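K.L.:
Input: one structure, supplied below.
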């Protein structure tokens, strides 16, 4: 029974729309900014770096804490821990409170990676930074970092591979419009 409570809690934690909450407190309607997405990247488009950093931290933290709680209460049963990670991302992407219209899951995925392993986290962050600095597209950086984390897990952390493959597929699914925009040269670019 305890394991099922942890799984439900993972979805609920993931579904807390921190970016939307913190921007509303500042009088900003995130749905009317940039892409209209409720993730940390769109908070950055408001021009408020502090809010963007806070959104990134909080969205990552909920992924981390969901996995951490599962690790503590699921007797190191990998199945429940991995499902809790997926549910945290699903909660972020499809929050019940917002008619299942949420963010793209990248920051939450980062938090999950931190909970699992620092090596794969560093790979994710380094790839994200390199691609972002080279091309100035957050979406391309996110997709590249996610793909690299999935590939890394296949070669070096096989126990995480299926979980990260599922999360990666979800991240790509939520970025479908960005992928089309990238291919058409219409994607939003961050300038210095």
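Each Cβ is built from the backbone N, Cα and C atoms, and glycine gets one as well.
Below, the features straight out of Swiss-Prot:
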{"type": "TRANSMEM", "residues": "5-25", "note": "transmembrane segment"}
{"type": "TRANSMEM", "residues": "50-70", "note": "transmembrane segment"}
{"type": "TRANSMEM", "residues": "78-98", "note": "transmembrane segment"}
{"type": "TRANSMEM", "residues": "112-132", "note": "transmembrane segment"}
{"type": "TRANSMEM", "residues": "153-173", "note": "transmembrane segment"}
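On this model, are these features tucked inside or out on the surface, and what's nearby?
P.N.:
Tertiary proximity for the transmembrane segment (5-25) is limited to same-chain residues at least six positions away from its ends with a CB under 8 Å from its CB atoms, namely 31, 33, 38-40, 42-43, 46, 51, 54-55, 58-59, 62-63, 65-67, 69-70, 73-74, 80, 83-85, 87-92, 94-98, 102-103, 108.
Beyond the transmembrane segment (50-70), the same-chain residues lying 6 or more positions past its ends with a Cβ under 8 Å from any Cβ of the stretch are 6-7, 9-10, 13-14, 16, 18-19, 22-23, 26, 39-41, 43-44, 80-81, 84-85, 87-89, 92, 103, 107-112, 114-116.
Distant neighbours of the transmembrane segment (78-98): 3, 6-7, 10-17, 20, 38, 59, 62-63, 66-67, 69-71, 104-105, 107-109, 111-112, 115-116, 159-160, 162-163, 166-167, 170-171, 174; these residues of the same chain sit at least 6 beyond its ends, with a Cβ under 8 Å from one of its Cβ atoms.
Long-range contacts of the transmembrane segment (153-173) within the same chain: residues 78, 82, 85-86, 89-90, 93, 104-106, 109, 112, 116-117, 119-120, 142-143, 146-147, 179, each at least 6 residues beyond the stretch ends and with a Cβ under 8 Å from a Cβ of the stretch.
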